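The following features are taken from Swiss-Prot:
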- 19-41: transmembrane segment (TRANSMEM)
- 56-78: transmembrane segment (TRANSMEM)
- 85-107: transmembrane segment (TRANSMEM)
- 112-134: transmembrane segment (TRANSMEM)
- 141-160: transmembrane segment (TRANSMEM)
- 170-192: transmembrane segment (TRANSMEM)
- 205-222: transmembrane segment (TRANSMEM)
- 232-251: transmembrane segment (TRANSMEM)
- 304-326: transmembrane segment (TRANSMEM)
- 360-382: transmembrane segment (TRANSMEM)
- 403-425: transmembrane segment (TRANSMEM)
- 449-471: transmembrane segment (TRANSMEM)
Amino acid sequence: MILETTAKASQQYKVMPIMISLLLAGFIGMFSETALNIALTDLMKELNITAATVQWLTTGYLLVLGILVPVSGLLLQWFTTRQLFTVSLIFSILGTFIAALAPSFSFLLAARIVQALGTGLLLPLMFNTILVIFPPHKRGAAMGTIGLVIMFAPAIGPTFSGLVLEHLNWHWIFWISLPFLVLALVFGIAYMQNVSETTKPKIDVLSIILSTIGFGGIVFGFSNAGEGSGGWSSPTVIVSLIVGVVGLILFSIRQLTMKQPMMNLRAFKYPMFILGVIMVFICMMVILSSMLLLPMYLQGGLVLTAFASGLVLLPGGILNGFMSPVTGRLFDKYGPKWLVIPGFVIVTVVLWFFSNVTTTSTAVLIIILHTCLMIGISMIMMPAQTNGLNQLPREFYPDGTAIMNTLQQMAGAIGTAVAVSIMAAGQHDYMSTVKNPADPAVIPQALTAGVQHAFVFAMIVAIIGLIGAFFMKRVKVDH
């Protein structure tokens, strides 16, 4: 059993309580993040706001993660595991409570930002803790268990919130989450142990400023580009991306010239870590763009209700969650290559089928395709991530997890922005060929055409990942 107590040379960790604390907090955090997505239409009506405005509930969340996660490597070296866990849960509880009571959009946006502070602290802490408390030959299975939570929570989020919205209102999405977060905090206070060493390196303010400008600018720019208000030609988007890229270059130069960098980019001298980062980046682009495109296609192309759309996506998400521990164990036994290559083959084939869906495609077909997509993703994500982190020496763990989690946020922003832009262009091209664009029957067909174009982009990204997968090697851990 993967949650059995494992030992470090000088210290005994109670692995089961630590893992339960992390899994419970992570589950509710990921659930809260995705459960709100299906309520955005209701929020637009109730709060009398536009689509571009309501999108800030997602953009603001991603922006905070994009700024906070890069700093997490420094925080992990300054504060104990218990301190970071407790503070992350307090932020999550406070944000959820404010959201449950929110009388206006401003309050709800503020609540989402506070929630993001909690998630931004928790995600790197989860991965870093696993690297410390589990020996290398058990990390795959442990990462798989974390994967179960990370994938299972978003799977049931839309279905659950669709059910809540049918009988209650969006406030209850937060009220129902609140007691579970409190339970996670109480459990963590009782059982969480300090597993990381607090070396308290010197804080370089300029590094934090450059990191905030660099990562924040890129996430903000891509998120705004995907909202459709001006798109890629918007001055806000162009300036944000330029400032972000310049900030990122200056940040990288400073980190490589410092004796004690905030984020040690020398982790990139390990080839399997680089390849692992690329695989995870591609995987996140595919999965997050698909999570955006499929609900839009199901509701706009096949004209299903929000609840029905959630049910269609439920089997794939659940199976993905349960596949993660299985692929984790297979990784421990066989290494990454024989999981990641077949995984990318499955993902590429499924995305080709998705690029050919029509307004007459059946819900059963979408369930089968989505389930296969999730199986493929589960074969790639955790094995690639674990193999990459395994090559790093112990002192690089906080930096490695910070780099991985930061680039996942960027992948999400980039993947969804490009997918939405391609979808909008595909819709526009289709409408330009129609004799009567005002015909309501044309709208689902136009949206479906846009979705087809966007899935072609996702398929090309997956093919790049497949090529990279052939270069993966199992890391021999000697540290």
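Glycine is no exception: its Cβ is also placed from the backbone N, Cα and C atoms.
Note that the coordinates shown come from a computational prediction; the quantities given were computed from them, not determined experimentally.
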With the transmembrane segment (304-326) as the reference, find which of 19-41, 56-78, 403-425, 449-471 contributes the most Cβ pairs under 8 Å.
19-41
What stretch in 85-107, 112-134, 141-160, 170-192 has the biggest tally of Cβ pairs under 8 Å against the transmembrane segment (56-78)?
112-134
Between the transmembrane segment (112-134) and the stretches 19-41, 170-192, 232-251, 360-382, work out which stretch tops the count of Cβ pairs under 8 Å.
19-41
With the transmembrane segment (205-222) as the reference, which stretch in 85-107, 232-251, 360-382 has the largest tally of C-beta pairs below 8 Å?
232-251
What same-chain residues lie close to the transmembrane segment (232-251): Cβ under 8 Å, and 6 or more beyond its ends?
207, 210-222, 224-225, 421
Per the definition of 3+ C-beta pairs under 8 A with sequence separation of 6 or more, do the transmembrane segment (360-382) and the transmembrane segment (85-107) touch?
no
With Cβ-Cβ distances below 8 Å as the criterion, list the same-chain residues six or more beyond the ends of the transmembrane segment (141-160) that contact it, or say none.
2-3, 19, 22-23, 26-35, 37-38, 126-127, 130, 134, 173, 291, 295, 306-307, 309-311, 313-314, 316-318, 320-322, 324-329, 331-332, 374, 377-378, 381-382, 385-386
With a Cβ cut-off under 8 Å, give me the same-chain residues at least six positions beyond the ends of the transmembrane segment (403-425) that come close to it.
62, 65-66, 69-70, 72-73, 123-124, 127, 215, 218-219, 222-223, 225-228, 231-232, 263, 265, 267-268, 276-277, 280-286, 288-289, 292-293, 296, 385, 388-389, 447, 450-451, 453-454, 456-458, 461
In the same chain, which residue numbers or ranges, 6 or more beyond the ends of the transmembrane segment (85-107), come under 8 angstroms Cβ to Cβ?
21-22, 25, 28-29, 32, 43, 47, 49, 53-54, 79, 113-119, 121-122, 125, 171-172, 174-175, 177-178, 181-182, 184-185, 188-189, 192
